[in-house]
Amino acid sequence: MDQLLVFINAYLVPGIVSGSIYALGAIGLTLLFGVLRFTHFAHGDVMTAGAYFALTAIGLFGLHPVLALPIAMVCTSALCLCINHFFYRPLMRRPSLVLTISSFGIALMIRASIQLLYGVESHYYVRGIQRSTDFLGTFRIVDRHIWIVCCAIVLMVALHLLLTYTRLGKAMRAVSDSPELARLTGISTLAIVKATWVIGGSLAAVAGVFLGWDGFIQANMGWDLLLPMSAAAILGGLGRPYGAMVGGLVIGLAEELSSYPWFGGDALLSPGYKTGVAFTIMVAMLIWRPNGLFGGRVQ
Amino acid sequence: MSLLSLEGIVAGYGPDVPILHGVNLHLDAGEIVAIVGPNGAGKSTAMKAAFGLLNIHEGRIRMGDEDVTGKSPESIVRKGVSFVPQTENIFPSLTVQENLELGGYFSPRSHVRAGLERIYTLFPPLRDKRYQKSGCLSGGQRQMVAMGRALMPDPTLMLLDEPTAGLSPKYAEEIFSLVLGINANGTSVLMVEQNARQALMISNRGYVLVDGRNRHEGPGNDLVRDREVAEMFLGG
């Protein structure tokens, strides 16, 4: 029983939590890839920006991190729209590699701006011992973990409803399928691109806030997450939001469970190799199933 | 006044190297007009030029009394003109119904519902497959989805780029009779076709393009009988 408790509290729950965070980031990456046909390497730093927007809001108004989410989402979306307008849009007609490389530049710019404004030291949303809730009298789950997982589920369900039932969602999927035909159908690509930035940016902001809430806020936090997020997006098949949700969860769980002492008393892998697990999964996918687990489309 | 007219169009895919060297054509309300000609004659190019997909170097494109030269496809489609490309004419990962709904992207909601009903009546096989991914359909059914999508906004003019390409003769026959049906419902049709003889037979008028220029024009039946046209590419 003790063993099971340790497994759930120290491995499974953290796995699901980081999986939710990866999923939220990976959805943005994959949507942007579908609509704009390039890999947005600044997505991790967009997350960082979201975390710092929330930090500012929490510092100013003393909000609970969950209440700071809408503020972070709005500010991050605005940031993404500005970046798109001034940097990516003028390059839109160039080969997508140009956009990809320029997103590296944006990543550096966001990170450097944050370091200038907030310094390089770590920040925290909440200090002190965290409240936790007991389940069935045995499982002890920190409240923030419950919040994170629940919010992630709500957002993913909301995204599902948007993609399936709204005109905007269908148009987004249409542009992802065939931008040329979407144009002939009268769908304004420009509007869809903006909407994608707002959705991708908002989800990245949430992921950033959750990441900061679960640990600390630091200028490199998002950049460090780019690898597992890309792994999640590739695992699910680029351009497939549902794949990214599953991919995120799989990568998060794989990372945490890889350090569980499956055989004997020692960790299977030292926790230091967590990132390596995501990397290994990504490389294996690229070799054997480059279209993702569910057979996405690679351009 | 013509529904659509191309006047002396010199155009290409870029700012130089024209493919069309002065094409003239027009289409009146209620007509079916076919553009035929050998491979590489610029037939599809002429149609794409009308839909704002090309770089127009010289000449004018008018729709009714409006000059639409240089207008984008997004704005032309809002003037009641639909375009069905030859390839990549459906959204494969979307369901049949979603494809059709997108055809009514800028129409009011009630309009979309009525439109769906109209399309399912016109293409009964699509009703049974409405929740299937359109990418899983057969070639003929994909063509129906493509045409259905274009018909959703109830256009005054429909442009069809080789609607029977790659289809079996039976399906091609079906598509041609659909074109007649669509036309009978009040939509004018401009089509580019490889099946030149059949296309000209159902058309009010036809244009023969060669090397990006007008070569012949006239009533469809006359062109089918024209000896030079026949020798050139109708197969004698």
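Glycine residues also receive a Cβ, built from the backbone N, Cα and C atoms like all the rest.
Curation does not apply to TrEMBL; its annotations are automatic.
Residues or ranges marked as transmembrane segment by TrEMBL: A:12-34, A:46-63, A:69-88, A:97-118, A:145-163, A:184-211, A:231-254, A:266-288.
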Tally Cβ pairs under 8 Å between the transmembrane segment (A:97-118) and each listed stretch (A:46-63, A:69-88, A:145-163, A:184-211), then give the stretch with the top tally. A:46-63
Candidate ranges A:12-34, A:46-63, A:184-211, A:231-254, A:266-288 - greatest C-beta contact count to the transmembrane segment (A:145-163) (under 8 angstroms): A:12-34
Would you kindly check A:12-34, A:46-63, A:184-211, A:231-254, A:266-288 and say which stretch has the most C-beta pairs under 8 angstroms to the transmembrane segment (A:69-88)? A:184-211
Could you tell me whether the transmembrane segment (A:266-288) and the transmembrane segment (A:12-34) have 3+ CB pairs under 8 A, leaving out pairs under 6 positions apart? no
Long-range environment of the transmembrane segment (A:231-254) - Cβ separation under 8 angstroms, sequence gap at least 6: 12, 15-27, 29-31, 33-34, 156, 159-160, 163, 176, 277-279, 281-282, 285-286, 290-298
Residues of the parent chain within Cβ reach of the transmembrane segment (A:266-288), under 8 Å, 6 or more residues beyond its termini: 224, 227-228, 230-232, 234-235, 250-251, 254-256, 258-260
